[in-house]
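Notes follow once the structure below has been shown.
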């Protein structure tokens, strides 16, 4: 027994000692290897599911392969370091136990301990590269704050040059925006410093122009500047710039800095000067005779600001989207430049500018950066299995500084996103003062332009009375009759009265806005209309309710009720919200109207227009203005329904959901009893009065070619207003009823 006790004691001591040594090895991380040289920065990416642009499983690229980080000892400090490496300002959280799915390959780091201030995760303490006792069930993830570090580049070297500008030296050019030619200057110690032009090439110029929002570069007359610059005192902070021309920021180019106490004087050179060619949107009117052309087979949709949006490309006369697999800054820059903007500020993934409808044409686009068009880049043709619209790629481009935001301001609102609109106007003496806009004609389109000019996103509402925002001493109306298309860059580009004419001139009737970073976007499922259309001869005795709700044409009143019938063109309407905010009715619950026919409340008096037109656009059937109850009939995978009509429930359409009005519901028709056989256009318009704000109104109308022989009806070419090329749209309007009709 005693011998047994000694044996057990010895064994326990051995286990204790062994465990202590193991524990010490586990909890005392060895310093990680010294950081690699500047040319070989550590690559970091987010992966896994559910994937988002700012959260996911952390993966590091080391020794030629991607691997993960173990969650042992992981902290918010680690997450902050990683998020900054990814280009976000900070982290809001981190995840453990492979929340975003198990990674594959190596687990590169374990027991990582950062202080939070490190420039790279490899500067933090850890067990060292490839030394881990974890499985992929312990892969760590991060959730980053959805705010980018200004000017951040994928190469993680952007912190060296914050800001670049052109300083114009010609007196007249200084007053005109945008500045397209001048001395290149970089922000330095609260002031501005110059770049030595020794070895400067047109490729460097291309990069600078792209950063400043210009698609093309021009040769510059250096002799003109030489005389001027010799008389100026210059401080050369940067020299030996060697861009390849495809970089999207000067800081991504190889370059050298003048050391703080250095004496670099740019002997034999001078301050770098560049000249840029603006895109057509930013050309001064009556300027250059030769205007650069922009692409007519690429466009941006759904963005709040100029130069941002979902990328759409034209193929076989129909617009489609681009999948975000491998979507990066060089490819995004090609798109930006071909549309007349500069290089890309951000390559956006995960349908953050809303989801498209229709085909997806491209995947794994791999531009080098110098291509004239995205169509010249290598890409994969894809099938619907490869990509969904939840992966639509988008861009945010560099655009020239136009100073529009300085000529408008909001006052009196609870937040910076709302208030009474005040504009800066000059009188005949050139004296500038702030004034108000008459609210009488002010609507969503005008509010959209005001919010864009302010850089505050989309218009949520345009308000014609603002007595509740009365905090400013500005009381004079300086603009009236303002009418915008909604596409303008500033209110000064909209139509308005030459002399102010305002029926209600008191300040409480001045125009106001509520802006929002996100907006809904409704679009009708055009193929479904084509697939569900038919004619029904419906007996009058079943139509009393519909007649009360004005769903029949006027001639129905003269019919011999309850005998006879009405001929109805019936179809289903499936309305999708592909935007980034829920679509909600403008009217409050107290003003909703009970509809006995449908057995529920309608929250919008006019939600759609149904019309049958002839080829010159004249109505041949008295279409009607349909009111709806708005609800989520069904949603995409992973999206939950929020709205339903039953029991006086909340009304609206959630992002990623759709409202289906079936063909067999009362009033879901056009009364064509009085229509003669012929070729027509069926037109359906959603939210026709723009009563509720959307990110894109160009896709609210849907049209179909329609052939009616008196007994049967055929629809073909059903499409939303912006789905076809201009050429295809012209053909559509010219031949409303082609002879090669297909019965759907």
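The backbone N, Cα and C atoms fix where each Cβ goes, and this holds for glycine too.
In TrEMBL, annotation is done automatically, which means it is predicted and not curated.
The following features are taken from TrEMBL:
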DISULFID  70-134  disulfide bond
DISULFID  83-144  disulfide bond
DISULFID  114-124  disulfide bond
DISULFID  243-253  disulfide bond
DISULFID  323-387  disulfide bond
DISULFID  336-397  disulfide bond
DISULFID  367-377  disulfide bond
DISULFID  484-494  disulfide bond
DOMAIN    44-145  domain 'SRCR'
DOMAIN    166-277  domain 'SRCR'
DOMAIN    298-398  domain 'SRCR'
DOMAIN    408-516  domain 'SRCR'
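For residue 243 (disulfide bond), the nearest of the disulfide-bonded residues 70, 114, 144, 397 in terms of C-alpha separation is 397.
Taking the C-alpha positions, the distance from residue 124 (disulfide bond) to residue 377 (disulfide bond) comes to 39 Å. Sequence-distant neighbours of residue 144 (disulfide bond) (same chain, 6+ residues apart, CB-CB distance under 8 A): 54, 55, 79, 83, 86, 88, 90, 91, 92. In the predicted model, residues of the domain 'SRCR' (298-398) average a pLDDT of 90. Residue counts of the domain 'SRCR' (408-516) by helix, strand and coil are 20 helix, 38 strand, 51 coil (DSSP-based). Residue 484 (disulfide bond) is 53 Å away from residue 114 (disulfide bond) when you measure Cα to Cα.
Rounded to a whole value, the Cα-Cα separation of residue 336 (disulfide bond) and residue 377 (disulfide bond) is 14 Å. Taking a C-beta cut-off of under 8 angstroms and a sequence separation of 6 or more, residue 70 (disulfide bond) has the following same-chain neighbours: 107, 109, 110, 111, 132, 134, 138, 139, 140. Helix, strand and coil counts under DSSP for the domain 'SRCR' (166-277) come to 27 helix, 31 strand, 54 coil. When the disulfide-bonded residues 253, 367, 377, 494 are compared by Cα distance to residue 397 (disulfide bond), the shortest distance belongs to 367. Take the disulfide-bonded residues 134, 336, 397, 484: by the count of other Cβ atoms within 10 Å of each Cβ, the lowest one is 134.
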